[in-house]
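Participant: A single structure is presented below for examination.
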Amino acid sequence: MIELAGLTKRYGEKVAVDRLTFTVRPGIVTGFLGPNGAGKSTTMRMLLGLDHPTAGDVRIDGLHYDQLKDPMTYIGALLDAKAMHGGRSAFNHLLCLAQSNGIPRARVHEVLDTVGLTAVAGKKAKGFSLGMGQRLGIAGALLGDPQILMFDEPVNGLDPEGIHWIRNLMKGLAAQGRTVFVSSHLMSEMALTADHLVVIGQGRLLADTSMADFIRANSRSYVRLRSPQQERLRDVLHEAGITVVEAGNGTLEVDGVGADRLGELAAGAGLVLHELSPQQASLEEAFMQLTAESVEYHAHSDPASSPPGAGPGAPSGGVSGPAPGWGEQWNQQQARKNEGA
Amino acid sequence: MAATQVLRSEWTKIRSVSSTVWTLGLAVVVSIGLGILISWLASNDFDNLGAKDRMGFDATAISFAGMGLGQLAMIVFGVLVVANEYSTGMIRTSLSAVPQRGTFLFCKIAVATLLALVVGLITAFIAFFAGQSVMGEHKASIGDAGVLRAVIGAGLYMTLIAVFSMGVAAMLRSPMLSLGILMPFFFLISNILGNVSATEKIGQFLPDQAGLKIMEVVSPVDDDTPYGPWGGFGIMALWVVAALIGGYVLLKKRDA
Ligand SMILES: Nc1ncnc2c1ncn2[C@@H]1O[C@H](COP(=O)(O)OP(=O)(O)OP(=O)(O)O)[C@@H](O)[C@H]1O
Ligand SMILES: [Mg+2]
């Protein structure tokens, strides 16, 4: 169990982590989601006592990190796979870590086997590919057979097979009752692995919710309509008691009514339809809307990207367009919180 | 965190990187090789010396002349042991494994110091006997007054040079910055400050200038150094302690 209470980190004027309070529970994979620069890595470094918090507190099983005796047996972490001396062999890298925490040498062989690096155990780490380095880092995290595992963007740069392996590893660890805390900036990745979600943006907590709730709240489906007789179509639908939202580019969007009924209504009124299509907004879009206001580094080159503040969504060119006001609840909630603060 | 665990871990770290072997190997080879060469040249030159210089002829100290260059390899050893943790990013992994930063730093330095001491003493004894063996009638004997102290002192000097470098590297973190400051300082600046009469008064209190006193058996004729062999060594040791405290305080305070 990891508990954060008002955890804050300032670098000079910049607030990297802003009063984060949440708990990471055992037995599930908790996804820690946020755009680049949101403060995920900084939070994880504070958790390991590497960075000193400016304010607030973070505890592991009720203790500060430096109060843990042989900390690797409580919590194993992979922050940066490159955080090792490239001139040292994989075996010796793990051996020196094991010795510092009183972990028997035999365990080094075990974890090398688990991550599939036995054959290259004697090779220098600097010759390793990205994926091998990542596996070695994970071997280090598993070394103390800890009840808590923490990974910072573990699938970054991995090939599909590597991603698949890590996904299953994390799920397996959680299924054994362990606490798994994993960061990512990809919602789609989290949707496949995480049971619980903690979303941050610019250091602030934006959401702390179960994956199921997040999907339920955000994977709304809707129907998109286009008609040369838009005004009339809108009136017809209105008379039928259906709420219509104008989504720009001459399209209308309707929530909670099937495409068949909408088609019949249009036909009944003799209206021409150019489009009548059921849509499903992706979780990625929900995430983008949620964090839109807090994204620090916008790519200004893309004129189609949503402006901060999530107005009527501009389609991002994918199969499905975002619904207007997507994730608006979260933004509003956040705005209220900020006003209160 | 049991210190014995951390000591064992740091020993694994130090023996499993090649920089340990080449830096220490270079220190041994350069100190001994250059020492033999200079000993041979000096003893051949003896007859050309003036009376004053003949009286000040220190066969023991001359056989350690190679350490002037060999100590640079010791500096590289000391710097890399500590600063490689930072340049490779290993420091975060290390401090996650051993969050007690004082324990981490001092176990690391203890292991490296012990290794430097063994290598330093071996170097000093070989440099002494090899150097004397080419000095013919001018040679000193290990049984002469002050000679054993000077030989052991030379080994201790090499050790403290390495430890001082570890302290500086712990403060500066970057291997390049540490080497860029320490190498010219010990190879040039300190020599100049210690030997130019205008700056001598201050220069003789610099770590290496003070520490070198312990290798001396015969004092120069008009020697006015305000400290003896162990006094000089004590001054050097104070510098080392200061560097270590600086390194510890900064490590404790800074984000890793
Ligand atoms: N040592 C530091 N000094 C100054 N600013 C820092 C430092 N470390 C992080 N920051 C700043 O703090 C903010 C949070 O950074 P952090 O690396 O924690 O983000 P992140 O969520 O891990 O991002 P990413 O997805 O890119 O890894 C960033 O704006 C970053 O520039
Ligand atoms: Mg990061």
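Glycine residues also receive a Cβ, built from the backbone N, Cα and C atoms like all the rest.
What TrEMBL shows for this protein is this:
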TRANSMEM  B:21-42  transmembrane segment
TRANSMEM  B:62-83  transmembrane segment
TRANSMEM  B:104-130  transmembrane segment
TRANSMEM  B:150-172  transmembrane segment
TRANSMEM  B:179-198  transmembrane segment
TRANSMEM  B:230-251  transmembrane segment
Participant: Using Cβ atoms and a strict cutoff of less than 8 Å, what residues sit near the transmembrane segment (B:179-198) while being 6 or more residues removed from its termini?
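Facilitator: Answer is 68-69, 71-72, 75-76, 79, 161, 165, 168, 172, 204, 206-209.
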Participant: How about the transmembrane segment (B:230-251) and the transmembrane segment (B:104-130): at least 3 CB pairs under 8 Å, pairs 6 or more apart in sequence, or not?
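Facilitator: Answer yes, regions in contact.
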Participant: Hey, which bits of the same chain come close to the transmembrane segment (B:104-130), Cβ under 8 Å, at least six residues off its ends?
Facilitator: 3, 6-7, 9-11, 13-14, 20, 24, 27-28, 31-32, 35-36, 39, 60, 63-64, 66-67, 70, 74, 77-78, 81-82, 85, 94-95, 98, 142, 147, 151-159, 162-163, 166-167, 170, 244, 247-248, 251
Participant: So if I exclude everything within five residues of the ends of the transmembrane segment (B:21-42), which remaining residues of that chain have a CB under 8 angstroms from its CBs? That is, six or more out.
Facilitator: 57, 59, 62-71, 73-74, 76-77, 80, 115-116, 119, 122-123, 126-127, 130-132, 134-135, 138, 158
